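The annotation active site is assigned in TrEMBL to D88, D270. The disulfide bond annotation in TrEMBL covers C101-C106, C261-C265, C304-C337. Per TrEMBL, domain 'Peptidase A1' is recorded for 70-374. The signal peptide feature in TrEMBL is assigned to 1-17.
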Amino acid sequence: MMKWLVVLSALVAFSECLHKMPLIKGKTARQALQEKGLWDEYRKKYPYTPMSKFIQSGTEGMTNDADLSYYGVISIGTPPQSFSVIFDTGSSNLWIPSVYCSSQACQNHKKFNPQQSSTFKWGSQPLSIQYGTGSMTGRLASDIVEVGGITVSNQVFGISQTEAPFMAHMVADGILGLAFQSIASDDVVPVFDNMINQGLVSQPLFSVYLSSHSEQGSEVVFGGVDSNHYTGQVTWIPLTSATYWQIKMDSVTINGQTVACSGGCQAIIDTGTSLIVGPTSDINNMNAWVGASTNQYGESIVNCQNIQNMPDVTFTLNGHAFTVPASAYVSQSYYGCNTGFGQGGSDQLWILGDVFIREYYAIFNAQAQYIGLAKSV
């Protein structure tokens, strides 16, 4: 009996050392621009190019996704300077704006001041991040970074000196990449790798919960899993490539019919993309099946009254079916209803973004190179 008590108390102690990084579900750039009457002008000027962040050219990529809404606050330096960042499993670098940046996008965001940190060190490398509609340039540096109660020392990160104009509309100040070092710009060691290397997490995994509606409650847990946020079994899927969090997708079906990814394809689980993105022909087919029409901007419009009659869409990943109902794949706003299926993806790589992750709690095991998925609650 005593032995069991010891085991139980160890488990209880273990569950208490979860490092939870709360995420805020904030206003998206689209919502902010719509309220100001600037959305039409913006989307003509900066058409959404979801794949720009995945084009490997030695520079770190990122998209101008106007629908990203989840961000958390980290701090950098001694004493700490705070920044809101998007936790992005589709890229690997950390970067933030700096006081050396005079672009418009830096003026309405928090800027890091190296001179105010006693632990700051300049790196020797420049950093360039390409976007679909411009770039961010800056320099690499290192400092203490605090994330969800974990203090990472000597973290290399980028500080911006110029930023593309569309970034003025981003809610977050910067990006914290959670993909693998193999795709990091300048081969920088990512934040989560350093957490593992420095012995700061009890398990080499992190997990993500994205709330559907409420502003509070979303979180990234470093070093563990929060079982309050899912129900049933966790399905483990091996990575096909440890670059992005990439897995095998067998098919996309509606009412038993294959509507996309016929014969199989590759997909990545990406917290830094708001939609489910695939090749234009496949996405058009999916949208046709659910009864959506496409407007001039490539957005898929549906009648808000029809949501309860629209079919489920099933994504089969490595032999396991994950179903997403219309209530999850349709977004409703004051301006009407859209599906969360975005065109412009590549045949090589589907993106299962926030629309998918809201339905399925995601566990990212870096060492075993598996993703675990379970039904969110």
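Using the three backbone atoms N, Cα and C, a Cβ is placed for every residue, glycine included.
TrEMBL annotations: computationally assigned, not manually curated.
Projection of TrEMBL feature records onto the structure.
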residue: D88; record: active site; CB count, 10 Å: 24
residue: C101; record: disulfide bond; CB count, 10 Å: 22
residue: C106; record: disulfide bond; CB count, 10 Å: 23
residue: C261; record: disulfide bond; CB count, 10 Å: 22
residue: C265; record: disulfide bond; CB count, 10 Å: 21
residue: D270; record: active site; CB count, 10 Å: 31
residue: C304; record: disulfide bond; CB count, 10 Å: 12
residue: C337; record: disulfide bond; CB count, 10 Å: 18
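Considering only the recorded positions C101, C265, D270, C304, C337, the residue whose Cα is spatially closest to the Cα of D88 (active site) is D270. The shortest Cα-Cα distance from C101 (disulfide bond) to any of the recorded positions (D270, C304, C337) is found for D270. The two recorded residues C304 (disulfide bond) and D270 (active site) have their Cα atoms spaced 27 Å from each other. For C337 (disulfide bond), the nearest neighbour among the recorded positions C261, C265, D270, judged by Cα separation, is D270. On the backbone, the CA of D270 (active site) and the CA of C106 (disulfide bond) stand 25 Å apart.
Separation of the C-alpha atoms of C261 (disulfide bond) and C106 (disulfide bond): 40 Å, rounded to the nearest whole number. Each residue contributes its Cα atom, and for C106 (disulfide bond) and C265 (disulfide bond) these two points are 39 Å apart. Per-residue pLDDT, averaged along the domain 'Peptidase A1' (70-374), amounts to 93 for this model.
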